[in-house]
């Protein structure tokens, strides 16, 4: 009898433990689900903002409203190209760059460059598979290569830092250092966009090497039509003549875009202690210059997004873009690049090239998962070709970004924590 009672007690105890374990698992699952939901909402905020502003641009471009018509978008685009984008790059870089930060974050420029090179290679594969029209080749490669390293992370990082249970420690310190990383990332990305991607898109869109610039209705060839005939000279003379010939043919205006020049100036200011004390900071004697540049830079993102929304109208009317092209860009940006990014960043950490700081590693990983850069709309507008198709690709990329910017950052935080 006692044995039967003992067995019954043991069975009841096992049942209670099983129920307790099940309830514990259920609570953990509920807690994880709620955290994922909070993170999903957090990650959706920047995407929702961009889509809302895109919708306003779309409305302003309607024939019934006709405020943001083709000519207006062209003029706005020129202002972005020559004023807003250079100001945004200059203000972000000058505030962030110091000699100490460059030493600490030396791997970041290399990491961003890898995202561009790998993305352009994957974009070339998309072209080979989808076989799009020739004028879309540059757009596809550009969308795969250039990520939005600016306004998207600028909203995501503070939101994640202030999230309960964030693995990045104190929210104030997390936000301070995180915004510094993002500002450097944005400035470096702008340099690569206006040097590497800008010229790559131009060459792919027009193999002849000439690019029509809407603002002046003229051409800005990278290589001038002048051809020189080599003379019968020695080997060294031929080499020297060839170098001089290439130097004469290169049009520096197409290589050094205004944003690139602004970045070089900002680097000079940030790395020079004397200039930095004069221009940057609340106590700088000439801080009004830096404040004015920063104020102009704040207008870049909303105006860019409005232009994309206006161009989207023509795209939805019939851009003729193949769905496989959009799918190819989405797969590259939201699947292949993040997977490769994990191997690159974790491999660099294993080799001692990247510090063990979780937030720094998280920002490096985030650079592989952001949607295409909004500046691509400016570039296509300058070329006068593919504006509507580019807007359609950007629209669908940002519409799907909420899912990607929830799943991957969650995995990244688990990976680096």
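Each residue, glycine too, has its Cβ placed from N, Cα and C.
Taken from TrEMBL, the feature transmembrane segment covers 47-67 (among others). If you look at the transmembrane segment (47-67), the same-chain residues 6 or more away from its ends with a CB under 8 A from one of its CBs are 73, 151-152, 155, 302, 305-313, 371, 374, 395, 398-399, 401-402, 405.
According to TrEMBL, the transmembrane segment annotation covers 79-99 (among others).
Annotated transmembrane segment per TrEMBL: 105-127 (among others), in sequence order.
Under the heading transmembrane segment, TrEMBL lists 139-160 (among others).
According to TrEMBL, the transmembrane segment annotation covers 180-198 (among others).
Feature annotation from TrEMBL assigns transmembrane segment to 255-275 (among others). Through the fold, the transmembrane segment (255-275) approaches residues 81-82, 85-87, 89-99, 102, 187, 190-191, 193-195, 198-199, 222 of its own chain, all at least 6 residues removed from its boundaries and within a Cβ separation under 8 Å.
What TrEMBL lists as transmembrane segment is 295-313 (among others).
TrEMBL lists 325-345 (among others) with the feature transmembrane segment.
Taken from TrEMBL, the feature transmembrane segment applies to 365-383 (among others).
Annotation comment: TrEMBL describes 395-416 (among others) as transmembrane segment.
Only residues 6 or more beyond the boundaries of the transmembrane segment (365-383), in the same chain, are considered here, and those with a CB under 8 A from a CB of the stretch are 47, 50, 73-74, 77, 80-81, 85, 111-112, 115, 138-139, 142-144, 146-153, 156-157, 185, 189-190, 193-194, 197-198, 201-202, 205-206, 211-215, 301, 304-305, 307-308, 311, 329, 333-334, 337-338, 340-342, 344-345, 389-391, 393-394, 397-398, 401, 404-405, 408-409, 412, 415-416. Below 8 A, the CB atoms of the transmembrane segment (325-345) and the transmembrane segment (79-99) form no more than two pairs separated by six or more positions in the chain, fewer than 3 in all.
If you count C-beta pairs under 8 angstroms between the transmembrane segment (79-99) and each of 105-127, 180-198, 295-313, the highest count goes to 295-313. Below 8 angstroms of C-beta separation, residues 50, 53-62, 68-69, 72-73, 76-77, 79-80, 83-85, 87-92, 150-151, 374-375, 377-378, 381, 387-388, 390-392, 394-395 of the same chain, each at least six residues beyond the ends of the transmembrane segment (295-313), sit close to that stretch.
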